[in-house]
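Q: If you scroll down you'll find the structure; I have some questions about it.
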Amino acid sequence: MGFEHLRTELEEMKQAGTFRELVALESAQHNRVTVDGKELIQLSSNNYLGLAAHPRLAKRAADAALEFGAGTGSVRTIAGTLEMHQAFERELATFKHTEAALVFQSGFATNLGVLSALLGPEDVVISDALNHASIIDGIRLTKAKRRIYNHVDLADLEAALQETQDARTRLVVTDGVFSMDGNIAPLPEIVELAEKYDALVMVDDAHASGVLGKSGRGTVNHFGLDGRVALQVGTLSKAIGVLGGYVACEQHVKDYLIHKGRPFLFSTSHPPAVVEANREALRVMEEETELFDRLWENTEFFKHGLRELGFNIGTSTTPITPVIVGDEALCHQLSDRLRQHGVFAQGIAFPTVAKGKARVRTIVTAEHTREDLEQALEAFKQVGQELELI
């Protein structure tokens, strides 16, 4: 009927070995999952703390659905705000040590809504070269001038700040934890430079919320920078285990986004089950602190094992550990063979990462046992030798 040129591109992907099928899980998201009837060790989810199937969250979601229904039937600004939506935002602001918080339908929608609403033609956005795709797309939607600085290059960032001093507002945007490499942004130095040149900072804590800081408060709290970062955005779907995105900010910024943030304005609000599960997740993170201990113990054990085997895992200092292969087809071979050995670890290639930087990105969680990780390392050893990667 149309778009026939897409068939050619898809066929080229198949010939290059980079075409991927969606993989359907047949079980809940745990340390082990079922795919095609086979139990696999899960190393590809963002379920850092194991909250996605935590019984407390599941029960709270079920109870909320029974009491308040399956959906809300409206956007927040018309008839879709329940008291629980407002209560959760108050709790989230308290958790993040900010004046206010606003919840969006997803982390991606948060970045689109925040950046497109807050920046105009008189402003400049200064963004790290390896920021998440949602930041890139959010910047594209603004009318602001833009400057991309080299990845975590403070000298290049300072040059960008020096070159843009005539702007009304300058916003420095960085991931807190970079999702493909697992490295942490040098946030103290970024904040110092921003303050030196009278600029603001926005941190995307998608992979830091629930991982860094006290009880998972994120990168800002991790570095003791509470009160010095204008915008903290993040997801509620990774370590927090449910769905949604948020911005933690000052009250007047929240008020403005309620009126001008298009993804917020034109999307139906979260169902009661989602809201209440998110609220319960914050309580679990405050109360079950042993989850963080297990997460970091597992992280160090697995990283050490991969290094000992001789894999290139980059400079990650977080639970994200990339096994960098380079060649896209070889990366997917590694992923496929790992599955044959009982490990679910997906290959990631262009356009998610740059060409020639393909990798199998692994993420350990608080749910993994030592047996899980030892078995996974043995699989990496066998497959790595088969493919002559080690």
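Note: Cβ is positioned from N, Cα and C throughout, glycine not excepted.
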Q: Where Swiss-Prot shows G107, F108, D204, D205, A206, H207, T235, L236, S237, K238 binding pyridoxal 5'-phosphate, which of S127, S179, S267, S269 is named for the same site?
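A: As annotated by Swiss-Prot, G107, F108, D204, D205, A206, H207, T235, L236, S237, K238 share the pyridoxal 5'-phosphate site with S179, chosen from S127, S179, S267, S269.
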Q: Measure from the CA atom of D205 (pyridoxal 5'-phosphate binding site) to the CA atom of T352 (substrate binding site) and give the result in Å, rounded to a whole number.
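A: Pair distance, Cα basis, whole Å: 18 Å.
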Q: Centre the Cβ atoms of G107, F108, S179, D204, D205, A206, H207, T235, L236, S237, K238, go out 8 Å, and tell me which other residues of that chain have a Cβ in range of the pyridoxal 5'-phosphate site.
A: N46, H132, S209, G234, G245
Q: Far apart in sequence but close in space: which same-chain residues, 6 or more away, have a Cβ under 8 Å from H132 (substrate binding site)?
A: N111, D175, S179, D204, A206
Q: Across the listed pyridoxal 5'-phosphate-binding residues, G107, F108, S179, D204, D205, A206, H207, T235, L236, S237, K238, what is the farthest Cα to Cα distance, given in whole Å?
A: 15
Q: Between any two of R20, H132, T352, the residues recorded as binding substrate, what is the biggest Cα to Cα distance in Å?
A: 21
